[in-house]
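Below is one structure, written out as structure tokens; comments come after it.
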Amino acid sequence: MSRRTGRSVRRGQMPRPSSRARRMVRGRSPRRLMARPMTRRSAGVLAAPPRPRNPFLVFSTSVRPWAVGLTLAAFVGAGFAFVWAWAIGRQSYNVWGALLVAPLFIAVNALLIWRVAAREPSPWFARLIGFAFLAKMAGTMVRYYVAYVVYDGASDAERYNLAAAFQYRSWRQGAVTWDLETARGTQYMELITTAVYTVIGPTTLAAFMVYGAFAFWGAYLLYRAFRIALPDGDHRRYALLVFLLPSMLYWPSSIGKESWLMLFVGVTALGAAKFFAGQHGSMALLATGAVGTALIRPHIAVLLFAALLVAQLFRPASTQVTGILNKFGGIFVMGAAAWVLATQSAELLGTDDFSWQAVSESLDMAGARTTVGGSEFTPVPVESPLGFPAAALTVLFRPFPWEAGNAQMLVQSLEGLFLLALTVASWPRLRRLPGILRCNPYVVFSLVYTGAFIVAFSGFANFGILARQRVLMLPFFLVLLALPAVRRRNDLDDEGFGGDEAESVRHQEVASLGGVRRR
């Protein structure tokens, strides 16, 4: 017999709830039926007196995040307006014009960073790319300080600045003139800088920021190419190196050829990765990269497309007719592009002889013109295969610390020692290189371009010029240091900037090891 309902209950059977209890259950939501937590009063314990509230937190319950953001934006805007008003009265347009351009510049790049971070499957990349952009802008400011404070404007950037400041007013009035028939790399850089000044005005400081952004997004395109070409590669290591190496932050950051070329070298690398992976849009990217590099330095374009031709020759193909046709079609296209670019480069050098002796003499003459300044040294040009190791050591890793003559070269030498140690530590990865070369044409492309660059620039006799030129080759050498490595399954974690994405995400990439779609 149930005491609550007065009904008989069989042994082992739960008592049936009363009609009143059933009505209460029907009228209440599941959330209200959840058991209430036991308090000190319900447990029969006297509750402690309430603690006095912190007077600084009186309004904490009524504060909204949007209000905090709006308040901070108002303070930042007011501070920016004050600084800008001060700069107008006391500084030239170089300073207050840069302050005027900076908000739009930051907004555009922040939007691009948000877009590219949203498409990345790796959570660490979103944290890295924002930090990398800030580091790049810091490197750009250091580059500006060295060029205009330490060296008092005695740099290539000042030449482009003066030429653009003289012409930009005419361009704004619609009188756009240029002589493309006689223009060479330097003249093209003057025209490009004039186009930049037509938009932002003659502010060298803001122009440094724009060119630094060119190089930054070129580094991002190189990272995208690596990710497409080597889905199983060490993406974290490659991203950290290509974004944060001191030479990548410093040298391609001024008004100059290196910043522009870094952007279009990245375009070419992304086009090559898409071409080898069989993705759409590769030809447009390759054509854009060829034009962008050939305008400034045709010999860099020749090295890139010659390496692409070699990679296409060794690219694995299926035995089907379509696979064979695709391979030979690619060989024809890359060969034609390399020939056209080589012809332009020979015209620039003033020679029509493509023999090894003529090319070697041209390279020696170019190297002899670098024996100026305070960082000259005795070069080791490649005259035979036996001389390649010494040339590779020089082009990749020198100067050494005892060869540094100033602070810039000292930092460069420390980076060289770091890369040398990293190369030695990457021996387990490099042992897999022969096998990867047989199935991955992008790695072949990177290796051939690195070797050709070493041969071409081994005759340079100035550490400063060599370090500045080296940044155009360094991302491809870093591909070899970020090859896939045999790892334990427990190492696939995500911590801070480190850790590759989870194994399930990695297997959703466009291809297996090498990223090659055999057709």
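From the backbone N, Cα and C atoms, a Cβ is placed for every residue, glycine too.
TrEMBL does not curate its annotations; it predicts them automatically.
Bear in mind that the values here come from a model prediction, so they are computed numbers and not experimental data.
Per TrEMBL, these features apply:
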COMPBIAS  1-10  compositional bias 'Basic residues'
REGION    1-26  region 'Disordered'
TRANSMEM  65-88  transmembrane segment
TRANSMEM  95-118  transmembrane segment
TRANSMEM  124-146  transmembrane segment
TRANSMEM  194-223  transmembrane segment
TRANSMEM  235-253  transmembrane segment
TRANSMEM  283-311  transmembrane segment
TRANSMEM  323-342  transmembrane segment
TRANSMEM  409-430  transmembrane segment
TRANSMEM  442-461  transmembrane segment
TRANSMEM  467-486  transmembrane segment
Quiz item: What else in the chain is close to the transmembrane segment (194-223), if you only count residues 6 or more beyond its ends and a Cβ gap under 8 Å?
Solution: 93-95, 97-98, 101-102, 105, 109, 112, 116, 129, 132-133, 136-137, 139-141, 143-144, 148, 157, 161, 163-165, 167-168, 171-172, 235, 238-239, 242-243, 248, 252-256, 258-260, 262-267, 269-270, 475
Quiz item: Under a Cβ pair cut-off of under 8 Å, which of the recorded stretches 95-118, 124-146, 235-253, 442-461 contacts the transmembrane segment (283-311) most often?
Solution: 442-461
Quiz item: Against which stretches of its own chain does the transmembrane segment (235-253) lie, if we need a Cβ under 8 Å and a gap of at least six residues from its ends?
Solution: 122, 124-125, 128-129, 132, 135-136, 138-140, 142-143, 208, 211-212, 214-215, 218-219, 222-223, 226-227, 259, 261-262, 408, 411-412, 415, 467-468, 470-471, 474-475, 478-479, 481-482, 497-501
Quiz prompt | Cβ contacts under 8 Å made by the transmembrane segment (124-146) with residues that lie 6+ beyond its boundaries | solution = 109, 113, 116-118, 204-205, 208-209, 211-213, 215-216, 219-220, 235-236, 239-240, 243-244, 246, 249-251, 253-254, 408, 494, 496-499
